[in-house]
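Notes follow the structure.
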């Protein structure tokens, strides 16, 4: 049967944190040891069933390099869920989180669900960021969840996406979901302005 709803999720974070690996593990159950850096925006689609509903999930994988920010910023606007990823073995990717929160504050809708993910848990012996540091950062952001994962070992990957989708469904009445998300969302051409039917940009929130 056709999907009941269509949802957009965007994955953001610094270069090399494993955004593409998380997406491909979830959608295709594959893992690439030496994935090429994403140029601009890539996407995959996966259909999931939650709460008795069939949901077509479009996942946008964004480039982490600053030179692509002008391209990727347009995709924040209609995303109902945002996954912010850092590498637990690279402190600089954790230090970049406030920068990414500024992008969220500026471009994302106010009702977007937020999830912070510490990736590469398979490299525990090389850890530079403790779980407590990740939890503390997420705790200081209103409504942000936190978890650690490993795309390589397929640990917590499904849980990341399914929990995010479940949070979106719980937050939005079904009639609103049906009205807002029934239109086709498969075009990857960003609009230069926020469409009038979308929520306003997310107001500034405390990020650190």
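Our numbering is plain: 1 for the first residue shown, then up by one each step along the chain.
Every residue, even glycine, has its Cβ placed from backbone N, Cα and C.
Owing to the predicted nature of the structure, the values given are computational and were not obtained by experimental measurement.
Features of the protein shown, as given by Swiss-Prot:
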BINDING   20, 38, 61  Mg(2+) binding site
MOTIF     29-43  motif 'Switch 1'
MOTIF     61-78  motif 'Switch 2'
MOD_RES   70  phosphoserine
LIPID     207  S-geranylgeranyl cysteine
LIPID     208  S-geranylgeranyl cysteine
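The Cβ neighbour count for residue 61 (Mg(2+) binding site), using a 10 Å radius and every protein chain shown, is 24. Its Cβ taken as reference, residue 20 (Mg(2+) binding site) is surrounded by 22 other Cβ atoms within 10 Å in the chains shown. Confidence for the motif 'Switch 1' (29-43), expressed as mean pLDDT, is 67.
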